[in-house]
Structure formats: C-alpha cells, structure tokens
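This report concerns only the one structure given below.
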Amino acid sequence: MDVAHPEEVTRFSPDILMEKFNVSEACFLPPPISIQLILQLTWLDIGVFAALTAMTVLTIAIYLEIVCYLMDKVKCPIKRKTLMWNSAAPTVIAITSCLGLWVPRAIMFVDMAAAMYFGVGFYLMLLIIVQGYGGEEAMLQHLATHTIRISTGPCCCCCPCLPHIHLTRQKYKIFVLGAFQVAFLRPALFLLGVVLWTNGLYDPDDWSSTSIFLWLNLFLGVSTILGLWPVNVLFRHSKVLMADQKLTCKFALFQAILILSSLQNSIIGTLAGAGHIGCAPPYSARTRGQQMNNQLLIIEMFFVGILTRISYRKRDDRPGHRHVGEVQQIVRECDQPAIADQQADHSSISHI
C-alpha cells in the first residue's frame, strides 16, 4: 500500500474541518472586535487583562518618574532630550501591546507603531554615545589618536582580519548613516506594507517564497543588522570610558528590547503558522499567538522599565555638545601642564 508523504496530503477546506472534525468557526474568522471580545471574556480572562493593564499603567508611571529626574538632574538640554526619548522605548512598547490586547483587530498596526518607534532608537543610542563624549567635535578630537576595532557583531564578528581604523569625520558620517537608515526605512516599509495590505497583497500568514510580507521582513532584518553594527562598534570602544555614565547597562537594555520586540514576535508567529499554537475561540491560531506575544511583552517591558529607571538615574552636569572653538580651547588647557613641564625640564638642563 502506498503511503502519502506530508506534502502530498490534500488540505481540508474550512467547511469540511468544521463539519467533520468539529473545528470552531472562530478558527477561520478575523480577530473579534473589542465589544465581542469583552462579552466573551471569563472572570479569569478579565483578571488577567486587568493585571496586564495595571502593569502598563505602572510602566507609564515609572517613565514619568524618569522624565522628572532627567529634567532636574541633567543640565544639558540636548543630552536630556536624547535620554528622555530613548528611555521611553519600553513604555511605548507596553502601551501598544496593551492596545493590541484590548483591540485584537489593530494588532498589526500597533506592532508597526512600536517597531517604527524602536527603529529611531538605533539613532538615539548612537547619539547617547556621541553626547557622552561631549558632542561630535569632542568625540572626533578624542578618537583622533585612537584606533577602533570594526570586526564586531552582528555583521563583522566573523572577520577578525579587518584592520583597526581611525574615526575620521567621513567615517563617522557613514556610522551615522548606518544607524539612521533604520529609523528611515522602518516607517517607509511599514507604510508600504499598510498600502499593500489594503489591496490584499500583504498577508502576514503567507511565508511562501513569493510573499511580499516575507521579503519585506527579510529586508528589515538586513537593515537592522546594518544599523546595529556602527552602534556596537562605538559602544565597544567607549564602554570603559563611559562606565560612570552606565553606558553598558543602557546598551544591554537596548539589545534586550530589540530581542524581545523582534525575535520573540517572529518565533511565536512561526509557531502559530506551523500549527504548534492551536486556535482557542474567539481567537484563531495566529491571533492567539499575537495575543500571547502582547501579554509577554507587557510583563517584560514592565521589568525592563524598572531596569531603565535604574540605568538612567545618573546626575550629569557635562555638556552634550561643544563647538569647535570650545574643544580646541579644552585641548589647549589640557596641553598647558605638559608644556610647562617640558619648559621646566629644559630650564633645569640649561642650568646644569
């Protein structure tokens, strides 16, 4: 007797699955609207939703406390704004996840909004490092006599033979472009996805080789890797110098948010698409996977928000930007003791 291979088995239509196998109709329907969801919630579901909403509110309260602290303790307005925008990432993701929890049909759009905001975080993280030196001019002046190792992850860690470089202004512009392209391409590609979705061409359930959804996500993955590389290069060179500014903690939280908001969503979506996450009325398998991801993100961002509060509570009176003349004046002031010592040595030798 011939045995049919898995790829030869004909998929049953939804009507046959509902009639012959008693599969719920909700497994083939779009996500429920909010009022339908609320009417179908059990007391246990209401308790879970209320607890997750309360955690979101606490995450917002933690961020507001961070803002008040930064307004009072960070004197430079440029550095203060950068820290405030970057520390808001866990709060924004928690809010969008909570909205997706209560409005299941908006999950795709709130996920896009969170991803677009975090795309700006690549550029903000680069600015935090640059402003930690005192601005672009101060950083270039400091790194003029240093070499930087560029064979770092995530795209060049397998190339240890790459030479160390001096960070010139032209190379710094390439670093800025690498981080900024994520902030530009993510909103542009997500907007393109929404336009294609209205025409039925953007389907998150379609993982075939001809799927526009698959190719857009692959392009976003490459863009993310290229955007993370310049930030990682500068971080590895600056983490010891900026240890008092808790740069390592800030960068670790940045990477944690990147993994939790991107990789976790992809893993759960793949499991749901492969049938490892079953449907549970009123949710289909895909919607249930998205709800699971939102619930996990709310809990995770609550704890990330607490760690963010610890990492960003640092009094800072140093400027985040200096003009060229100010940098040259600081360099001259730093060189004056060395020049005085050299003159003293010459005078002592002449007396001898």
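Even glycines carry a Cβ here, placed using N, Cα and C.
Record features, source Swiss-Prot:
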- 1-45: topological domain 'Extracellular' (TOPO_DOM)
- Asn22: N-linked glycosylation site (CARBOHYD)
- 46-66: transmembrane segment (TRANSMEM)
- 67-82: topological domain 'Cytoplasmic' (TOPO_DOM)
- 83-103: transmembrane segment (TRANSMEM)
- 104-108: topological domain 'Extracellular' (TOPO_DOM)
- 109-129: transmembrane segment (TRANSMEM)
- 130-173: topological domain 'Cytoplasmic' (TOPO_DOM)
- 174-194: transmembrane segment (TRANSMEM)
- 195-210: topological domain 'Extracellular' (TOPO_DOM)
- 211-231: transmembrane segment (TRANSMEM)
- 232-250: topological domain 'Cytoplasmic' (TOPO_DOM)
- 251-271: transmembrane segment (TRANSMEM)
- 272-294: topological domain 'Extracellular' (TOPO_DOM)
- 295-312: transmembrane segment (TRANSMEM)
- 313-352: topological domain 'Cytoplasmic' (TOPO_DOM)
Same-chain residue ranges lying at least 6 outside the transmembrane segment (46-66) that approach it to Cβ under 8 Å: 84, 87-88, 90-91, 94-95, 97-98, 101-102, 295, 298-299, 301-302, 305-306, 308-309, 312-313
Residues from the same chain, set at least six apart from the ends of the transmembrane segment (83-103), whose C-beta lies under 8 A from its own: 34, 37, 49, 52-53, 55-56, 59-60, 62-63, 66-67, 70, 74, 110-111, 113-114, 117-118, 120-121, 124-125, 128, 250, 253-254, 257, 261, 290-291, 293-295, 297-298, 301-302, 304-305, 308, 312
Counts by DSSP class (helix H/G/I, strand E/B, coil) across the topological domain 'Cytoplasmic' (67-82): 13 helix, 1 strand, 2 coil
Close approaches to the transmembrane segment (251-271) from elsewhere in its chain (Cβ under 8 angstroms; 6 or more beyond its ends): 86, 89-90, 93, 111, 114-115, 118, 121, 125, 204, 207, 217, 224, 228, 231, 235, 239, 277, 286, 289-290, 292-293, 296-297, 300-301, 304, 307-308, 311
DSSP-derived helix, strand and coil totals, residue by residue, for the topological domain 'Cytoplasmic' (232-250): 14 helix, 0 strand, 5 coil
Chain residues in Cβ proximity to the topological domain 'Cytoplasmic' (232-250) (below 8 Å; excluding those fewer than six residues from its ends, i.e. six or more beyond): 86, 125-126, 128-130, 132-133, 143, 146, 148-150, 152-154, 175, 307, 310-312, 314, 316
Residue distribution over DSSP helix, strand and coil in the topological domain 'Extracellular' (195-210): 4 helix, 0 strand, 12 coil
